[in-house]
Amino acid sequence: MSLTREDVTYVANLARLEFSPDEVTALVDKMGAVLDYAQTLSELDTSAVKATEHVLAVQNVFREDVPKPCLTNEQALANAPESEAGCFKVPRVME
Amino acid sequence: MELSQKTIHEINDLLEKKEVTVTEVTQSVVDRIAAVENKTAAYLNLQTEEALRAAGVIDEKLGEQKKRTPLEGIPYALKDNMCTQGILTTCASKMLYNFNPPYNAHVYDRLIEEGGILLGKTNMDEFAMGSSTENSAYKITHNPWDLNKVPGGSSGGSAVAVAADTAFYTLGSDTGGSIRQPASFCGVVGMKPTYGLVSRYGLVAFASSLDQIGPFTKDVEDCALVLNAIIGHDPKDSTSLNLEKKDYTQTLKQGVKGMKIGVAQAFFGEGLQPEVRKSLEDAIAVYKAMGAEIVDVSFQYLDYALSAYYMISSAEASSNLARYDGIRYGYRAEEYDGLVDLYKKTRSQGFGEEVKRRIMLGTYALSSGYYDAYYKKAMQVRTLIKDDFNQVFDGCDVLLTPTAPTTAFGIGEKTSNPLEMYLTDIYTVPVNIAGIPGISIPCGLDNNGMPIGMQLLGPILSEETLLKVAWAFENEKGLKNLKAPLETEV
């Protein structure tokens with residue numbers, strides 16, 4: 001299996017990243033090498049094996065639906081690159 | 001010996017006897033930082049003035065109160081991926097260059113309660129992705145045993161601060177070896193506890209099912225002291241285990257007589273530096289002489305651990321790092337055309353090369369058409385590796401392995417080949433996949449005087465046993481609180 005430039009560009013868009021043509025070339029090479037290495041996994045027949053998401057038997061943890069102290073509006077916005085009227089400000093998304 | 005060169009328990013003895021003050025202890029470390037930090041570059045952010053102020057407050061308090069807790073007044077540092085309110089938390093990334101967390105990581109709150117004195121935040125590979133700390137967006141950290149060599153990673157700054165006596169202990173995070181491998185490279189003790197033993201609340205997420213916080217210390221007794229302080233249930237981390245608290249110092253010195261120590265060929269294969277092999281063989285002989293039984297054990301699927309690890313960790317990383325979008329905090333690109341372009345420009349400019357490569361790998365592994373072949377497959381192989389460890393621990397109490405195939409490598413030596421870099425974690429990643437605990441302790445030096453690390457592994461929640469087995473070796477060989485020949489370096 002070999003990774004193509006098109007694969008890289010397609011995945012980059014999914015990941016909301018962009019790369020120069022040189023960077024795409026490097027990714028085809030370096031990402032491709034890691035994926036080739038990971039191909040060894042296909043040697044194993046795992047058709048009867050259950051997947052492990054978590055090593056411990058993790059269960060949903062619930063608590064009573066009672067409000068607890070939380071960040072103030074000011075604290076929540078303190079790190080925002082841009083904010084206005086108590087909200088995060090983003091570029092216009094609709095014309 | 002300067003105060004800064006001592007262990008926590010040695011300082012504790014002096015503080016109990018009122019022979020030193022917390023201010024003197026803190027000043028000693030602050031002086032040490034002033035003397036060597038320009039060579040080692042372990043810290044991203046220093047809080048020495050605040051530390052000295054806090055020391056004065058604790059001295060006043062200790063004058064009145066009878067009993068102090070074991071970490072009270074002991075200066076320490078945190079890896080820069082643990083949130084500290086009012087103190088920048090950058091993850092060594094341009095993406096979080098200005099991030100001032102609105103809350104504290106659970107471990108930081110715990111250490112504040114214990115009366116710890118924070119010296120600063122330590123350097124790391126960006127978002128903990130790397131094995132040499134060379135992926136930091138800010139600086140290169142140098143190994144105090146040879147300044148031309150890497151400290152390992154990703155918690156390289158935390159390892160170096162302890163090795164260079166610029167902190168009595170530090171915390172790091174370990175997703176695939178990021179505590180144990182740098183501990184090995186820098187000649188200190190580093191432990192990755194069982195998944196869930198230490199709360200991950202406020203630890204900036206890399207791969208949530210693998211990440212775990214743990215201590216770097218100068219010896220095994222100190223490791224037990226720090227572990228005592230940071231474990232415990234935290235309702236804010238739903239994977240945090242709700243167990244009765246233990247005191248790991250109680251069983252530390254019980255010895256290894258009659259214990260079964262497993263040795264597996266899979267950890268002594270190709271690529272193992274001959275001096276590392278020799279040092280491990282010597283360690284096995286030491287355990288035998290102390291009355292432990294050495295048993296041969298074998299794995300079936302260990303060869304697949306690294307592949308599975310890079311698929312799982314990259315997939316989880318791609319999901320976790322989707323939150324960095326330039327909207328709510330952190331870096332935002334200056335010029336963009338619309339919202340999607342803002343995301344793309346922000347992420348492409350804010351993340352470094354390795355982080356972008358992992359996000360790409362993870363996105364690929366999770367994408368439609370490849371999910372079954374890569375991600376699901378890796379999760380299935382994870383089951384096989386977990387079962388492999390269970391079966392091995394049916395036959396032995398702990399497993400003894402090298403921590404890394406080699407001692408520290410040169411700065412720049414592996415940066416152009418990611419796969420070669422990944423292979424330096426080959427003995428540490430299986431541990432995170434299985435969620436079990438592991439500790440790395442120094443077991444010798446190679447021909448160039450670089451530290452060699454030995455890794456001890458045990459089943460889920462076997463920290464007590466691991467610390468006991470580690471202490472027995474350390475005590476027998478006297479390999480503790482090792483001093484790097486930093487002064488003689490240029």
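We count from 1, first residue shown onward.
Cβ coordinates come from backbone N, Cα and C, glycine included.
As the structure is a computational prediction, the values presented were derived from the model and not from experiment.
DSSP assigns B:K79 (active site, charge relay system) to a strand. The feature active site, charge relay system is assigned by TrEMBL to B:K79 (among others).
Residues or ranges marked as active site, charge relay system by TrEMBL: B:S154 (among others). In sequence order, B:M124, B:D125, B:A128, B:M129, B:G130, B:S131, B:T133, B:N135, B:G172, B:S173, B:T175, B:S178, B:P182 constitute the residues six or more apart from B:S154 (active site, charge relay system) in its chain with CB-CB distances below 8 Å.
Under the heading active site, acyl-ester intermediate, TrEMBL lists B:S178. In the three-state DSSP scheme, B:S178 (active site, acyl-ester intermediate) falls into the coil class. If you draw a 10 Å sphere around the CB of B:S178 (active site, acyl-ester intermediate), it holds 37 other CB atoms from the protein chains shown.
Summarising the annotation, TrEMBL assigns domain 'Amidase' to B:24-467.
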Cβ contacts of B:K79 (active site, charge relay system) (under 8 Å, same chain, 6 or more positions away): B:K121, B:T122, B:M124, B:A128, B:S155, B:G157, B:S158, B:T170, B:L171, B:G172, B:S173
